[in-house]
């Protein structure tokens, strides 16, 4: 195997034995780096390590992964580490290039096959005019700019290359938009569900398809330096290949899908056939004279979207994009020698080209924006999004370099352009485009404040189909009536991980009749179907399903923003532990706990955490059959009042019986309290506020309880019990005496209410976010296995998420308080009582 290396002055030939694949071991005196396999393994490990390091570094800057991959390659290449000839000759010697290149191209082949599988061409049929216009104008302008500048960049260095081919390559490289990268960026920026995000994705899809066609042209032209007849043949045979994929491969794949029963896994035989097919189609297109990648991509497009596509993606994704694909970028980096880009002239042209190509895309989209009367900021953002560069661009550049269209210098220039153009997107969009976050002002942010005869809006968060039955039974028990219907927003929370397939991210705008793409999407479908089914069978309930795809760390933003936009009164999130078969509680995913804590701290309305212990509902969803025994433990404070109001709302339901157990401090506690009072230094205003605040809370509690008892004294389904307790132990004992018939406890979270009755319980509570009592009820060793709803009332801005801890947040003089009470004292309509007293000033 000889590797020719031509130099201007002398020509030398490097020969090495083809048998040198594996070593005899270092003890035999062999240097492992002289053999191709150990060397390749080392190179691969280095590449993956470099990529991962950059992924880690760029994580806070929210940069797409493509950038870290290219940078990893550049780091290993002649620009940084490769400057030391010792490193270059030991780790990336010339003779090893062939092995890496081959493997990189195999990785590329499979990756583009996956991109093809993930892309859904049928979406193109339903794309709006805006997207088409944006895509076309976003291609034409940069293309023209590329053409204009090719004369400056393409100087008299090697005249065997026709100017036309160069223009084509440069134009394609500048005008491409990377669809997979764009989907990730949109999900990162939380723009995926916006109109803007949909247009950007559709435009990127069109753009990608056009880019492939142009790339096929460019390669054909670059190859045929001799005759134009050959290039005609190439185009014709490529068209034949595409037709073959459409009319032979696609029906075959559909047949495989039909033959495999739904929910079964595909037989290994079919999967391996398809994987071999990728190779074969790569070979065919390479033989025709286009690039092998083109074949794999078209073959991927021919695989129908649905279970088969998912299986393939799940089988290949990690191996291909984690291991083999970085090799391709590393190769590009190894060919990039930034040191070659010398002289102010070159750098200034470089910056100019970047600037103009960006501006070209933005200008193109802005024209469309004007034409369709979109706001200017949205147009500019769309333009920036269309500048996303990724894989196709790198392929164009590599092919161009192999075909001698680009010399080393212009190749380095183009790589820098690619990285910079993609890197500036996220930061600049976060500057330009702030989606209109008007802080909506609405009063009914708590259950207590919501009108007894108005719509009651709830936001229900769901992690997995397991949360669904309890949520539905709970909503049914919440008593939707003609007077006060319930509007439910069901939010399915999906984590955005590195391998969320681009199509899943797009599926939010998906038509319902497509088959589900993968597990997450199938789950989404199940959840939505369950709730829609419930909506059809239940009366006075409207359900709106939504999906939030974001990293767990920022998911609470999605939840809180949605709650504010939709003006809901209550957010219900599932507890992070679920009941196991033997009745214990186990944590499903600790990230859910973080989400719950963040939601409690940032929610714009009241929050309920539902501890799910199979709130058994009637299997028939007919509302008249629901029967639940609900217990409310009332200690006092805003959270407990909210809990009482929720129970009150449920009480209107014929099938619900309610037990309210109020805990009253005994004599011991009261005498302690009096002692404390006498020793208070009255000059200390802060203590005074805390005291008046306590008294005020007491008055509110008394008022609400009184109101509740007055209204419901003749109601058989209500039990009101007062328990006198002196300390935490007695409280626990009292709770343990309650009957086992209750299947739902509603308790306040009790934040900031320092009550002697719960003293001692708080010390060993495992999950402080559901409060001392909630934690007690939810613990595995609590005998009664009932579901628990822990409520936190929204107490207005400035309460730093801690409810009552800061007396300053609730400074309200007694006079105001009394006057407010007197305004409310007109009796509300029967069954109301939800908006009885509320001194919670918003």
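Yeah, the Cβs are placed from backbone N, Cα and C, and that goes for glycine too.
All annotation found in TrEMBL is predicted automatically rather than curated by experts.
As annotated by TrEMBL, compositional bias 'Polar residues' applies to 809-825.
For 53-427, the entry in TrEMBL reads domain 'Cation/H+ exchanger transmembrane'.
Here TrEMBL flags 486-622 as domain 'Cation/H(+) antiporter central'.
Under the heading domain 'Cation/H(+) antiporter C-terminal', TrEMBL lists 629-796. In the predicted structure, the domain 'Cation/H(+) antiporter C-terminal' (629-796) carries a mean pLDDT of 79.
TrEMBL lists 800-842 with the feature region 'Disordered'.
Per TrEMBL, transmembrane segment is recorded for 37-58 (among others).
Remote same-chain residues near the transmembrane segment (70-92) are listed as 33, 39, 42-43, 46-47, 50-51, 53-54, 100, 326, 329-339, 394, 415, 418-419 (criterion: CB distance under 8 Å, separation of at least six residues from the stretch ends). Among the features that TrEMBL reports, transmembrane segment is placed at 70-92 (among others).
What TrEMBL records for 98-119 (among others) is transmembrane segment. Beyond its flanks by at least six residues, the transmembrane segment (98-119) meets 3, 36, 39-40, 43-44, 92, 179-180, 205, 208, 278-279, 282, 292-293, 296-303, 305, 309, 312-313, 316-317, 320-321, 323-325, 327-328, 330-331, 391, 395, 501-503 of its own chain at Cβ-Cβ distances under 8 Å.
Residues 163, 166-167, 170-175, 177, 198-200, 202-204, 206-207, 210-211, 349, 352-353, 356-357, 360-361, 363-365, 367-368, 371-372, 382-383, 386, 410, 413 of the same chain lie 6 or more positions beyond the ends of the transmembrane segment (131-153) yet place their CB under 8 Å from a CB of it. The transmembrane segment annotation in TrEMBL covers 131-153 (among others).
Annotation source TrEMBL lists transmembrane segment at 165-187 (among others).
Here TrEMBL flags 199-222 (among others) as transmembrane segment.
Taken from TrEMBL, the feature transmembrane segment covers 228-249 (among others). The list of residues near the transmembrane segment (228-249) in space but at least 6 beyond its ends in sequence, with Cβ under 8 angstroms from a Cβ of it, reads 216-217, 220-221, 277, 281, 284-285, 288-290, 294-295, 298-299, 301-303.
Here TrEMBL flags 269-288 (among others) as transmembrane segment.
Counting same-chain residues at least six beyond the ends of the transmembrane segment (320-341), those with a Cβ under 8 angstroms from any Cβ of the stretch are 43-44, 47-48, 50-51, 66, 69-79, 82-83, 92, 100-101, 103-108, 110-111, 114, 347, 350, 394, 397-398, 401, 408-409, 411-413, 415-416, 499. Taken from TrEMBL, the feature transmembrane segment covers 320-341 (among others).
The transmembrane segment annotation in TrEMBL covers 347-372 (among others).
Look at TrEMBL and you will find 411-433 (among others) tagged as transmembrane segment. For the transmembrane segment (411-433), the list of distant contacts is 61-64, 66-67, 70-71, 74, 153, 170, 173-174, 178, 181, 185, 188-189, 191, 196, 332-333, 335-338, 340-341, 346, 350, 353-354, 357-358, 377-378, 380-381, 384-385, 387-390, 393-394, 397, 400-401: same-chain residues at least six beyond its ends, Cβ to Cβ under 8 Å.
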Whether the transmembrane segment (165-187) meets the transmembrane segment (37-58): three or more C-beta pairs under 8 angstroms: no
